[in-house]
Amino acid sequence: MFATSRLFSVAAKRSFSTSAANLTKVAVLGAAGGIGQPLSLLLKENPNVSHLSLYDIVNAPGVAADIGHINTNSKVTGHTPENDGLKEALTDAHVVVIPAGIPRKPGMTRDDLFNTNASIVRDLATAAAKYCPNAHFLIISNPVNSTVPIFAETMKKAGVFNPKRLYGVTTLDVVRASRFVAEVKNLDPKDVKVTVVGGHSGVTIVPLLSQTGLEFTKEELDALTHRIQFGGDEVVQAKNGTGSATLSMAYAGARMANSVLEATVGGKKGVIEPSFVKSDIFAKEGVEYFSTNIELGSEGVEKIHGLGEISAYEKELIAKAVPELKTNIAKGNKFAQ
Ligand SMILES: NC(=O)c1ccc[n+]([C@@H]2O[C@H](COP(=O)([O-])OP(=O)(O)OC[C@H]3O[C@@H](n4cnc5c(N)ncnc54)[C@H](O)[C@@H]3O)[C@@H](O)[C@H]2O)c1
Ligand SMILES: O=C(O)C[C@H](O)C(=O)O
């Protein structure tokens, strides 16, 4: 009797996890790259993922074969452009994470990546519009301030743009901010939440340190703000020509993907992440996309939080960010047209 009921409960658990998980195919485009590989590894550990489809112009089948041996419940498939690989990777995807494209070398700005990455993102958006128009799209490829508008405009052209489901991934900025502030204040980063708004490059990255509840001297404010805005450059310099942040980005990207999954298929309420999304906050100034904290719900972006109360120091930072963002967004829009 005991043995039978135990068997039943194992079978019931199995069938539950399979049917719940069937909803959640996650595709990673650029999966064989510096970010793509560790990001895919972290997603393989995610219980909300049933099928991980890994696409890259090279080497994705090898990455998939390797990650596919990990004994978690999701299946893993690898795809390259041959045999309709992009179509296979995208069809039925619920979440698509995109770290495809070249990274910076020392001396480059993120905008210097535009010429190569803009067309990569446009082409992937064209395929996404065709094969999985209702998915949630997480854009990591730089320059994010321009690639998000490119993705949106391409989806608009195909008549399938859903602003609730397009997220520029700015999670790494809040991950860094938490770590850097914790270091200065000798705190555990898990207790330090820093809201970062704006965009994802240099002066467009605006940390709202006045909202942390901590006190900072002017020197600390200047040093921390600069470090948060130019944290990416630290990694580019240290990697000395071999790339930019990959491991911390994989961590941040997996966190963002997990939050989207928890809110959209996990039924979790009140999930909040920062993200560069279509936003009205600076629309009057001609800035169509802006990153603030976003409340995620079953359909994606549910509520866009405002800036809240900000200091005079932060108002000045915003004043520098807005024109730069406007230029970056316009450049993306123009390219896609
Ligand atoms: N949003 C952020 O916070 C953030 C952080 C770090 C890096 N990035 C950006 O992420 C991108 C990737 O960085 P990386 O270090 O992984 O670079 P990488 O060169 O190591 O990997 C990029 C991968 O993209 C693939 N690729 C190129 N064209 C493709 C296409 N058309 N379709 C599918 N895959 C394609 C390449 O084959 C490669 O495997 C860069 O643009 C980088 O600047 C963004
Ligand atoms: O700095 C880069 O070019 C990569 C990324 O945007 C980062 O912030 O680390």
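Each residue's number is its place along the chain shown, starting with 1.
Including glycine, each Cβ sits where the backbone N, Cα and C put it.
Note that the structure is predicted; figures quoted are calculated from it, not measured.
Feature annotations, reproduced from TrEMBL:
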type	residues	note
ACT_SITE	HIS200	active site, proton acceptor
BINDING	GLY30, ALA31, ALA32, GLY33, GLY34, ILE35, GLY36, ASP56, ASN117, ILE140, SER141, ASN142, MET249	NAD(+) binding site
BINDING	ARG104, ARG110, ASN142, ARG176	substrate binding site
DOMAIN	24-168	domain 'Lactate/malate dehydrogenase N-terminal'
DOMAIN	170-335	domain 'Lactate/malate dehydrogenase C-terminal'
*If H, G and I count as helix, E and B as strand, and all else as coil, what does DSSP give for ASN117 (NAD(+) binding site)?*
helix
*Sparsest-packed among the binding-site residues, when each Cβ's other Cβ atoms within 10 Å are tallied, from ASN117, SER141, ASN142*: ASN117
*Report the member of ARG104, ARG176 (the binding-site residues) whose C-beta atom has the most other C-beta atoms within 10 angstroms.*
ARG176
*Filter the binding-site residues GLY30, ALA32, GLY34, GLY36, ASN117 down to those with CB closer than 6 A to an atom of ligand 2; keep them in sequence order.*
none
_Coarse DSSP state, helix versus strand versus coil, of ALA32 (NAD(+) binding site)_ = coil
*Using the residues the record lists for substrate (ARG104, ARG110, ASN142, ARG176), what whole-number Å value is the largest Cα to Cα distance?*
18
*Between the recorded positions ARG110, ASN142, ARG176, HIS200, which lies closest to ASN117 (NAD(+) binding site), Cα to Cα?*
ASN142
*Sort out for me which one of GLY34, GLY36 has the most neighbouring CB atoms within 10 A, since those are the binding-site residues we care about.*
GLY36
*Mean predicted confidence [pLDDT] for the domain 'Lactate/malate dehydrogenase N-terminal' (24-168)*: 98
_Per DSSP, what is the helix/strand/coil residue tally across the domain 'Lactate/malate dehydrogenase N-terminal' (24-168)?_
65 helix, 28 strand, 52 coil
*asked:* Can you tell me the CA-to-CA distance separating ARG176 (substrate binding site) and the residue listed as 'active site, proton acceptor', as a whole number of Å?
replied: 12
